[in-house]
Amino acid sequence: MRFVVTMVLAFCLATPMLAGCSLMGGPREVETVPAAPFWQSEYKNGRDAVLHLNNLLRRDPDNAPLLARRAALYLDLGSPGQAIKDVNRALELEPTLSHAMITRAAIALSTQAQGPVLAPRSAPGMDDRVTAEEISQARADLQRALELDPGNARAQALLAKAHRLAGDPASAMPLLDQALETDDTLGLAYLESALSLTDLEQYEEAAERWEDLVELRPDAVDLLLESAKAQWNAEEFGSAEDMLLRAAALRRDDPEIFRQLALVAASEGDEDEALEYDAKARRKAALLGTSYSSLLMVSTPDEDGEVEVRPAHMPLIRQVAEVEEPASAPEGEAEAEVRERPAPQRDLMAEARQALKEKDPALALALISEHFDQQSPSAADYCLQARTLAALDERDMAMDAARKAMDEEPENACGYHNLGVLLARDDPQQALGVLSQGLEQASDAAAMRNERGKLYLLLKRFDEAEQDFAACIEADPNTAVYHLHRAIARYQRGNYQDALDDADRFLLMKPNAAEGYRTRAAIHQKLGNQEEADRDLESERRLGQS
């Protein structure tokens, strides 16, 4: 199993040793380039440096060192087509310019297309593999450069890369040791050493090299992530967690970081923490609108509601050990079979509803997202998602989910209900229209009619409010809150005796509800029953303190 390393272009541009990273999909190789370091202190970025070199080369177009320097910058900025033109011209003018040879070798070993197409090899129609011919060309340039400049650490590191890409990581290691003796701050050498050690299945040593690289660039999130993967593969779970927590502090909204934290926690046997991190990762992915694939295997709950949590993958060091010791017979094989067996089918939406009921909307959203990854959602699914997002105060996303429910099943009133509730705070008139439209689809939806009645109260349309609450009570006389709401509507209309009847009914159903005593106290005051009002206010005060 090969260890694939990915890095974003931003890190490449910030480091003169690393460049040309692909922004396209698919496996990517970390890029290297002997970029001229002068521009990092003199210019804001490499593009400013290129503009400066352009001006100098207009005055002196045959200046080989300047052409070589600009070629390195072009490669650093992701333009290998322009880089190869400059470096070839520089070597025509000055065939012994070692810096130009090193740059040409870096271009040959890069995963970017050469020639006029300025795009990664992983772009459509491109082959992302470095060919044997390119490796041979790079070796020739690097060997010649080392003859001219025997102590050039970057040339040694690139020659090591050529060996690794040719499938000979063992030959790369002595060259990398020499490079690090010459320059112990050369990130390229640490990177190539980590990759070569991984290819040699020396995962603990590879993890150490990644740590060295992180020390050079402590704020590079992608390096922290790659280092964490290396630590995990070496079963250094504590170090992996440290790297990931540092990455999370720098990039708080990245679901991949929490996904990896869940894997590390499961590998350490901390099931609760693994599930917590996995739920956070799902939530962050849902908020970003991206799909999510867990790195955990979770069993179905047992009789006590307990679940078993396992990592979906094994560290590379353990895989190698199991291949080397196949005689760890039936028990080991049984464990491997359990790891590979897919988790039984779960009712994710039922679990999500329960999580929301238990006031854990983050977990509910994670479960909903997993359900959406597995099958097309129904209107009811979108409605649950809307309620969950609303509980997380993600109102815009919640409204979007409610509208999707309306589009999915126009005859299902739940979408109208959820959207109406969400609109009520900012636009009660629009909310009223949405709820009325929903009631045309389902006239017996008491909960939605209750929401419309509350809007009528807000808009001081008390007659219509009382009518809606009366219809709710007729449809469902055992829901206490409908009686409370009708009591308020009747109070506002001046019908105090009937309001008192409703308040009494509400308190019979919910004797510990402070809002019931507060409402009844107001009604008693209007009826001139001050003693009863005082008793109700005292009951409200006592319940408020408990």
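Every residue, even glycine, has its Cβ placed from backbone N, Cα and C.
If you look up TrEMBL, you'll see 323-342 marked as region 'Disordered'.
Each residue in the repeat 'TPR' (64-97) gets a DSSP state, and the totals come to 27 helix, 0 strand, 7 coil. Positions annotated as repeat 'TPR' by TrEMBL: 64-97 (among others).
Feature annotation from TrEMBL assigns repeat 'TPR' to 187-220 (among others). Helix, strand and coil counts under DSSP for the repeat 'TPR' (187-220) come to 27 helix, 0 strand, 7 coil.
Taking the repeat 'TPR' (446-479) as a whole, pLDDT averages 91 in the prediction. The repeat 'TPR' annotation in TrEMBL covers 446-479 (among others).
As annotated by TrEMBL, signal peptide applies to 1-19.
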Using a Cβ cut-off of under 8 Å, list the residues of the same chain at least 6 residues beyond the repeat 'TPR' (446-479) that approach it.
413, 416-417, 420-421, 424, 428-429, 431-432, 435-436, 438-439, 485-486, 488-490, 492-493, 509
What is the number of residues in the repeat 'TPR' (446-479) that are helix, strand and coil, as DSSP sees it?
27 helix, 0 strand, 7 coil
